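Q: This is the structure I have questions about; it appears just below.
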Amino acid sequence: ARDIQKWEYIPLGPFTSKNLGTTVSPWVVTVDALRPHAVANYPQEPAPFPYLRHDDPFNFDI
């Protein structure tokens, strides 16, 4: 979670990094259930760290 927070706080500055939270839901959602919500990728600025990038041509708008 810290690496995601580090990437998220870039436009806000280090003084507001502690008041942000990133949570991961304990629920499991299948890809079939998400497929109706697929949307085209959008440009990300600033670019995420290399290990957070993906080559899929879609994201999910949920």
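Cβ from N, Cα, C; glycine included.
These figures come from a predicted structure and were not determined experimentally.
Copied straight from TrEMBL:
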type	residues	note
BINDING	Q5, Y9	substrate binding site
BINDING	K18, T22	Mg(2+) binding site
Q: Can you tell me the three-state DSSP label for Q5 (substrate binding site)?
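A: Assignment for Q5 (substrate binding site) reads helix.
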Q: I'd like the number of other C-beta atoms within 10 A of the C-beta of Q5 (substrate binding site), please.
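A: Looking across every protein chain shown, the total is 13.
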